[in-house]
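Enquirer: Feature table excerpt (TrEMBL):
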type: ACT_SITE; residues: His448; note: active site
type: REGION; residues: 1-88; note: region 'Disordered'
type: TRANSMEM; residues: 117-138; note: transmembrane segment
type: TRANSMEM; residues: 158-179; note: transmembrane segment
type: TRANSMEM; residues: 195-215; note: transmembrane segment
type: TRANSMEM; residues: 221-238; note: transmembrane segment
type: TRANSMEM; residues: 316-335; note: transmembrane segment
type: TRANSMEM; residues: 355-375; note: transmembrane segment
type: TRANSMEM; residues: 434-453; note: transmembrane segment
type: TRANSMEM; residues: 459-477; note: transmembrane segment
type: TRANSMEM; residues: 489-507; note: transmembrane segment
Amino acid sequence: MSDTKGPAARRRRTTISGGGGAGSVKQANGTKGHDAGGKPPQCPAGVKAAAPEVSKQHASHNGNVGREESGKRQQQSRNSPRKESSALEDINGRLSCHVLQESLLSSASGYSNYRGILNWCVVMLMLSNARLFLENIIKYGILVDPIQVVSLFLKDPYSWPAACLIIVSNLFILTALYVERRLAVGTISETTGRILHIFNLTFMLTFSSATVLSVTSMTPVGGVFSLGIYTVLFLKLYSYQDANRWCREIRQAKAKSLTRSYSCPDVQQSNGSAVHPLVSYPGNLTHRDMYYFVFAPTLCYQLNFPRSPRIRKRFLIRRLFEMLLVGLIQQWMVPTIQNSMKPFREMDFSRMVERLLKLAVPNHLIWLIFFYWFFHSSMNFVAELLQFGDREFYRDWWNSETVTYFWANWNMPVHKWCLRHFYKPMLKRGTNKFLAQTAVFLVSAFFHEYLVSVPLKMFRLWAFMGMMAQVPLAWFVGRYLNGNYGNAAVWLSLIIGQPIAVLMYFHDYYYLN
């Protein structure tokens, strides 16, 4: 009984447990069937249904594997030409490492990034001048003395002739304003107004020079400063009457749409504050407008100047700090000039040349410091206070390849004045271009000599001849020297020419006084 029930019970148990997994059922029954040597035992229905699903899964898995392998083979077949080409390129690169090219320092290479060399030059310049400055301190001590600087302007602390002369200049400013007011309302004719302006400008120059020559308490430095102020006012007032005359011509021509042609569009402020109002002729003929133009860092008048949105205080502080560098002139240049006087008195030519070359470097560096102090620090300081927007006081004159390019770019306020009020009007009258340029140099030479000879109270014409010598020099450099050679010639004229003029005037003044 137990024997007959055992297999059945085992089959029943197997059937019940067959749902647990087909693998275990196959293993149990198959092993037993194979051991008996007969047919394999019949599987239950659940196991028969699961078997095709497992086979389908194996088949799909094999298909996916096959497709992946075929894809890999295709990808490898596609990548193999790339690998071969990169390998060929690598081999060719190792075989040929040279191409047709110029050295970087050759002009034909077209290379222009010399920032590292420029920094090296700056470092070397600082080190060499630090040695000279230390040698100067050891030999002469501290020569910077504010009291001595003040004494250059004043002989007597109770007599201020230069300051009084500058205050008197307000009479000429107000005269030009009131003449323009009379012209605007038609009280006086254009001819009468032109005569009054000519008389005002001429008398301004003659009165200032006569005062400097006649007042014994006027120092040379005070005379240079006051005459410099009067020269600037002369150019400003000439531009003022010219611009207002143009506005009257426009108004008379009934061209109101062109009224803004002599005005600049106002600069919109980003902080949302009120915008500077635009003015039109004759609304510009006010004391406020006149004195803004007098103090503005420009020589050319227009009705509406471009204005900056706000005053930057940090910018002002930086410019003020840079303006203090002028003390280097007193420390460095005065001893060299004083030492050069002995060879001049003895007329020792070799020593004169040696002193000239020795003076050339510090004089040139002082000139560069003066340029930066005046055209960048001082004029930007004044422009920032007045919110004057046009800050183009100079251009890249250091890249000048011709003399004319230098004179047209190192002092933009004077260049704009000459171009607007002197050079272009001469061309419109049919004057030759070369003659117009020569006339500009002639006027510049006159004012250079005026600013030097009158304060020193001696007339040697060194400055005049030096300026007029620029005309043949400009022709020679422009015709025979190009590129770097022209730029070197411009630098050489600046480095050597100025010390010659300084020594000539200093020697003559030292000898006479």
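Glycine is treated like the rest: Cβ placed from N, Cα and C.
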Enquirer: Sorted by position, what residues of the same chain at least six away from the residue listed as 'active site' have a C-beta under 8 A from it?
Expert: Ala463, Phe464, Gly466, Met467
Enquirer: Where, among 117-138, 158-179, 221-238, 459-477, 489-507, do we find the most CB pairs under 8 A to the transmembrane segment (355-375)?
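Expert: Checked against 117-138, 158-179, 221-238, 459-477, 489-507; highest Cβ contact count belongs to 489-507.
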Enquirer: Need a quick answer: max count of Cβ pairs under 8 Å to the transmembrane segment (434-453), which of 158-179, 221-238, 459-477 is it?
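Expert: Between the stretches 158-179, 221-238, 459-477, 459-477 has the largest tally.
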Enquirer: Give the nonlocal contacts of the transmembrane segment (221-238) in its own chain as ranges (CB under 8 Å, at least six residues past its ends).
Expert: 152-154, 161-162, 165-166, 169, 172-173, 176, 197, 200-201, 204-205, 208-209, 212, 293-294, 299, 301, 414, 417, 421, 447, 450-452, 454-456
